[in-house]
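Step one of this worksheet: look at the structure below.
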Amino acid sequence: MSSKLKGKFYRVVVRPVMLYGAECWPVKNSHIQKLKVAEMRMLRWMCELNRGDRVRNETIREDKMREVRLRWFEHMMRRGRRGMDAQVRRCEKLGLDGFRRGRGRPKKYWKEDYWRLTNLVNLSPESVLSSGLKMYMVESKGGAIACMLFSLLLLGTWPALLTLLERRGRLPQHTYLDYTITNFLAAVIIALTFGQFGPSTPERPDFLTQLFQDNWRSVLFAMAGGMFLSLGNLSTQYAFALVGLSVTEVVSASITVVIGTTLNYYLDDKINKAEILFSGVACFLIAVCLGSAVHSSNNADNKTKLDSYSNDCKVGTNGISSFKPTNSNPGTKNDLEDGDAPRKAKFGTAAFLIELEKTRSIKVFGKGTFVGLAITFFAGICFSMFSPAFNLATNDQWHTLKDGVPHLTVYTAFFYFSSFCFVIAMILNLTFLYYPILNAPKSSFKAYINDWNGRGWALLAGLICGFGNGLQFMGGQAAGYAAADAVQALPLVSTFWGVVLFGEYRRSSRKTYTLLAGMLFMFTAAVAILMASSGHRK
């Protein structure tokens, strides 16, 4: 048990027991002496001191009194001028008419006593202020890399949850509205915890203080980043259905790294090692080429399976483009959490692909690959811009803030970033409820409110994405946002979920497996190289 906990236990339990009924005692000097002895003995026990240590009682009492006084002094220092120059302090020095002080040294004031105390224990006011709970900021390279790795895991997982719901028939508009709510909630939680811990100083104000400062120029950059992220996330929601989870992540992430990393490298004043950083970017370029080859090979495999299945069932001989799927009822009551479809067909077979087409909310048979790839490229462009915009919001490289106005902290910028992302996503998805794209079924706000099938997964996806983005920015602020783009190697995680949950690449050709292995290897190398290029922001 710690000494602090022992002290609390003593004050709450032991001392009230010893003084129980004291208001009714005929108190004698012997009683007072016994209480003093008991109190002193308890104090020695808590300090783990015995008589053999030859520590005087007065020394122990002075130490405890010094702790209390320093704690109050710290409180006054945190209040700033409101504490050190409060009216009660100024009253000590007020002169009284007709009053003459006696002989001896001048009157001792509270402030003088505390300066003597801090000099005695070799403490400065700055060290007193820094001794308490502080705003948590990632400052070391090791901490930044840990944030990036955890962010990579989270950001590679949430797309799998959205894909799971789409393949089970839930409308993407409903899913994305739920996702957006908890994504914003994650930013609020981070801002009110990490961003609010510790004292607010002029150089590093807390979250609530920055909300009322004249920093609207940096806020606009953060909101622009949120707009780009919202458009990118919305685009990938439809790209997942058209070209698959793995290919969407490969293409969009690679575009993000090539453009976003280059912009962040120059915005961060080249704190990352260029020869290492751009070697990682080259690995991403190779990975995107391999990813495109994987998609082409896997698409050819699926077409072969469907052609063979169509011939056997006398459905037709024109492959994917001639297959006419049966539209599922968007109002079905099947429980998406239980996963009723598909149950009999094995992963990777033609029957599995046909059953999947019947249950999913976005029909992909008959749609060209060009549409899916175009949406994926648009998503990649949007994703490549949100990180540089956030970088400008937190570091003000273009010097848009007025003199004396501190930069936005990561947590405040992330709050504004997520706020505008939330607004854009709500407007677009409420519009898509009544005017859907890609021939998705129409819906309404009432239907969305009543659609509880799979809502838990969508809400969880939003939380995962929100905390993943927060960790990415925390790591980027410490080690450089260019290195933090390593978290865009999402296919390392999303491909795993694509194979395990959705049966992607099952029963494919050896060529597809070879290309897939090469793609994953290049992404692994890219992550390692980009993280090795981490710098240290001054």
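Glycine is treated like the rest: Cβ placed from N, Cα and C.
Straight from TrEMBL, the features:
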type: TRANSMEM; residues: 143-164; note: transmembrane segment
type: TRANSMEM; residues: 176-195; note: transmembrane segment
type: TRANSMEM; residues: 215-232; note: transmembrane segment
type: TRANSMEM; residues: 239-264; note: transmembrane segment
type: TRANSMEM; residues: 276-295; note: transmembrane segment
type: TRANSMEM; residues: 370-393; note: transmembrane segment
type: TRANSMEM; residues: 413-435; note: transmembrane segment
type: TRANSMEM; residues: 456-475; note: transmembrane segment
type: TRANSMEM; residues: 481-501; note: transmembrane segment
type: TRANSMEM; residues: 513-532; note: transmembrane segment
Remote residues contacting the transmembrane segment (239-264) - C-beta distance under 8 A, at least 6 residues beyond either end: 156, 159-160, 162-163, 166, 172, 232, 277, 280-281, 284-285, 287-288, 291-292, 294-295, 298, 360-362, 364, 367, 369, 371-373, 375-377, 379-381, 383-385, 387-388, 391, 438, 476, 480-482, 484-485, 488-491, 494-495, 497-498, 502, 504-505, 519, 526, 530
Stretch with greatest number of CB pairs under 8 Å, the transmembrane segment (370-393) reference, 143-164, 176-195, 215-232, 276-295, 513-532 candidates: 215-232
Region pair the transmembrane segment (176-195) / the transmembrane segment (413-435), three or more CB pairs under 8 Å: yes
Same-chain residues at least 6 beyond the ends of the transmembrane segment (215-232) whose Cβ lies under 8 Å from its Cβ atoms: 180, 252, 378-380, 382-383, 385-390, 392-394, 396, 400-401, 405-408, 413-414, 416-422, 424-425, 428, 469
Same-chain residues at least 6 beyond the ends of the transmembrane segment (276-295) whose Cβ lies under 8 Å from its Cβ atoms: 243-244, 246-247, 250-251, 253-255, 257-258, 261-262, 265, 369, 482-483, 486, 488-489, 491, 505, 512, 515-516, 518-519, 522-523, 525-530, 532-533
Long-range neighbours of the transmembrane segment (513-532), counting only residues six or more past its ends (CB under 8 A): 145, 148-149, 152, 250, 257, 261, 273, 276-277, 279-281, 283-284, 286-287, 290-291, 293-294, 297, 482-483, 485-486, 489, 491-492, 495, 505
Cβ contacts under 8 Å made by the transmembrane segment (481-501) with residues that lie 6+ beyond its boundaries: 144, 148, 151-153, 155-157, 159-160, 163-164, 244-246, 249-250, 253-254, 256-257, 260-262, 264-265, 267-268, 272, 277, 280, 284, 287, 291, 383, 387-388, 390-391, 468, 472-473, 475, 516, 519-520, 523-524, 526-527, 530-531, 533-535
